[in-house]
Amino acid sequence: MKLRNDLRNIAIIAHVDHGKTTLVDQLLHQAGTFRANEQVAERAMDSNDLERERGITILAKNTAINYKDTRINILDTPGHADFGGEVERIMKMVDGVVLVVDAYEGCMPQTRFVLKKALEQNLNPVVVVNKIDRDFARPEEVIDEVLDLFIELDANEEQLEFPVVYASAINGTASLDPKQQDENMEALYETIIKHVPAPVDNAEEPLQFQVALLDYNDYVGRIGIGRVFRGTMKVGQQVSLMKLDGTAKSFRVTKIFGFQGLKRVEIEEAKAGDLVAVSGMEDINVGETVCPVDHQDPLPVLRIDEPTLQMTFVVNNSPFAGREGKYVTARKIEERLQSQLQTDVSLRVEPTASPDAWVVSGRGELHLSILIENMRREGYELQVSKPEVIIKEIDGVRCEPVERVQIDVPEEHTGSVMESMGARKGEMVDMINNGNGQVRLIFTVPSRGLIGYSTEFLSLTRGFGILNHTFDSYQPMQAGQVGGRRQGVLVSMENGKATSYGIQGIEDRGVIFVEPGTEVYEGMIVGEHNRDNDLVVNVSKMKQQTNVRSATKDQTTTIKKARIMSLEESLEYLNEDEYCEVTPESIRLRKKILNKNEREKAAKKKKTAGLS
């Protein structure tokens, strides 16, 4: 069998924040990808603003470096299971993976998720123990943990014989010896070339190119990114696109782009083993195969994990609608959601009975909150409902998504965390005492039990706990309520501006969400009640002026700091009868029915119907 020894295709996989993107930066720099005078941002592979801010990778990225006589195509993959749709498809495009594990933290839930995907594709990993220079680094123990994980995930004998490289990505060093570092990343380059198989060279056979990722460009339209599995593809070539429904469409390849560093470079042809981007077909989709017109031979369709969580997106109809956003109409919001579907194959958008609302389904809270955050930054205004898990019927049994949860917590908080997990129908799988005052707890918990849990967890552990979770499987649905918010809320009784005097008057009733000067409206949630019922309050109350005392005295009032919630915290906080109003400038919580009397009528009606 003829091989392309001048080429290697690898994916870099890891848990969030284990230094994967920084490692790729070093590989790019040390291979001489950038000119000496070229200004390159830190974490160059994270191109999206949100990726840079959060330090996570959301979209899979392609890059290529030349080391000696070998070209190495590198795919930097998302480390979060919410973007698992991307991870799975990338595994089809590569011949090996580099698994990055933190020298202190060891194996984490997302490490398990991405590694499982790689092993399922029979890929042989190269293990990189990163951050070897960290205090309390424990490389030998971490390698034992990795081996245990491989065995647990049914790795074959060849996969269990993985090579190990010890690295400090931030310092740009790597070595085969955990006790001393070389001066550069050469040990990693050499290990990749030695242990990752070269692609098969069958460029003379009929073409097979499969689309794994999508991109969109205003000039050339939709772009399919994938791998040439067989044959050669040339610019101007007339080919057939084998659609997912079995039909074929003919089109002409207008442009082929290869990858060099962080840039796409136009090329005239791509051969077996190459990873390229192709334009020319407007309705190209993930999983479809490009073949010669006279030799239609599609590859097996790529399987993509189904969504597990859904939310309703609604046109903003609050009293402040249209004030802060640029795009506020149903048409604009629908166009934006449809354009997201062009590149995000794990997303689903379904219409509802109302022309102003859509059910949007995704892989998890992070997946959907990233979409909402991007929309608000682009100038959209909308409202979203409480996230709900998607229930499936499997063999006639109602099943719900279950997650694997890993919690690292100081010993003194283990009791309260275990109790709170039990209340959310969590089952303990393992408990590991590291002997340094920290305990690792592993649970399986229904996904609906985790909605809204982050805030409770932070307060239980006083900010010292670390919570990670990833989708595990669908299991028969457990009876009864799981999780949810226990407290009621403080609801504004009228439109106005919050005042120090008004806030001070209700501080003892709960936690306040607004600061003095914040504009509020009737039905807007302005705080959390100490009790389990909702309470209507007046936060815009003014101190009465008299001859003796003027209203300016109000300025001396001292009040507690308001709790300002992020978008994710706001989404987690919601109940069924509430919306999160999202605009470019504000995130507000509100009741779906703004008027108190109408809310009470609706509650009575629901009770009468036997639904409460």
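Cβ atoms here come from the backbone N, Cα and C positions, even for glycine.
As written in Swiss-Prot, here are the features:
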BINDING   Asp17, His18, Gly19, Lys20, Thr21, Thr22, Asn130, Lys131, Ile132, Asp133  GTP binding site
DOMAIN    5-200  domain 'tr-type G'
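When other Cβ atoms within 10 Å of the Cβ of Gly19 (GTP binding site) are tallied across all protein chains shown, the result is 23. In the three-state DSSP scheme, Asn130 (GTP binding site) falls into the strand class. Take the CB of Thr21 (GTP binding site) and look out to 10 A: across all protein chains shown you find 25 other CB atoms. The local packing around Ile132 (GTP binding site), expressed as other Cβ atoms within 10 Å of its Cβ over all shown chains, amounts to 25.
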